[in-house]
Amino acid sequence: GYGHTVPLSDGGKAFCIIYSAIGIPFTLLFLTAVVQRIIVYVTRRPVLYFHIRWGFSKQVVAIIHAIVLGFITVSCFFLIPAAIFSVLEDDWNFLESFYFCFISLSTIGLGDYVPGEGYNQKFRELYKIGITCYLLLGLIAMLVVLETFCELHELKKFRKLFYVKKDKEEDQVHIMEHDQLSFSSISDQAASMKDDQKANEPFVTSHSPTSNDSSLNN
């Protein structure tokens with residue numbers, strides 16, 4: 001939120017709260033779904049292609065790919081737009097334009113620089129729509145680059161340093177206790193099922209072996 005356009009009435013403020021509570025999660029879900037689909041074609045498949053096709057190390061290819069993708073993203077969404085904004089905005093220089101691009105795409109949005117606020121600008125409505133598309137595409141590109149760097153093996157090893165390590169001995173003890181309880185309960189259930197089967201079996205008279213032998217002799 002840049003802060004240059006705000007609701008003034010109580011109803012507008014209430015609507016803004018409700019709309020933000022619903023819209024922000026859906027926007028995050030939308031961006032996550034789009035990034036997960038784009039990264040398959042932009043990052044994973046190219047790295048796998050060079051790894052299988054040319055036999056390069058997958059880690060080396062991933063690092064080079066991440067650096068190249070980051071350079072392309074900075075050029076297309078920071079340097080070039082900053083040059084364009086410095087031309088379209090009369091009182092902006094290149095540093096101020098680059099500052100606006102960084103603050104906007106990093107989702108900080110301080111609001112001290114807002115493009116398209118001059119009423120004498122030509123095609124002002126079209127200019128606003130273009131800025132909206134630029135911010136949306138730039139945010140997706142930034143998330144793709146961050147996800148690409150997060151998938152690097154070196155960064156994964158670095159992130160493991162901050163994970164909470166579990167005690168393996170305690171985990172094994174808990175697993176063994178759980179297994180003993182499960183095995184004992186299974187054996188108890190099996191014994192009770194056998195007793196029930198014996199109780200439900202029809203009564204059969206047993207003949208003594210002497211009587212059987214005598215009958216055979218006769």
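Note: Cβ is positioned from N, Cα and C throughout, glycine not excepted.
A TrEMBL annotation is a machine prediction, not a hand-curated record.
Residues annotated as domain 'Potassium channel' in TrEMBL: 1-38, 74-150. What TrEMBL records for 17-39, 60-85, 97-114, 126-146 is transmembrane segment. Taken from TrEMBL, the feature region 'Disordered' covers 189-218. The feature compositional bias 'Polar residues' is assigned by TrEMBL to 203-218.
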Cβ pairs under 8 Å between the transmembrane segment (17-39) and the transmembrane segment (126-146), at least three: yes
Counts by DSSP class (helix H/G/I, strand E/B, coil) across the domain 'Potassium channel' (1-38): 29 helix, 0 strand, 9 coil
Non-local residues, at least 6 beyond the ends, that sit with Cβ under 8 Å of the transmembrane segment (126-146): 31, 34-35, 38-39, 42-43, 66, 69-70, 73, 76-77, 81, 88, 101, 104-107, 115-116
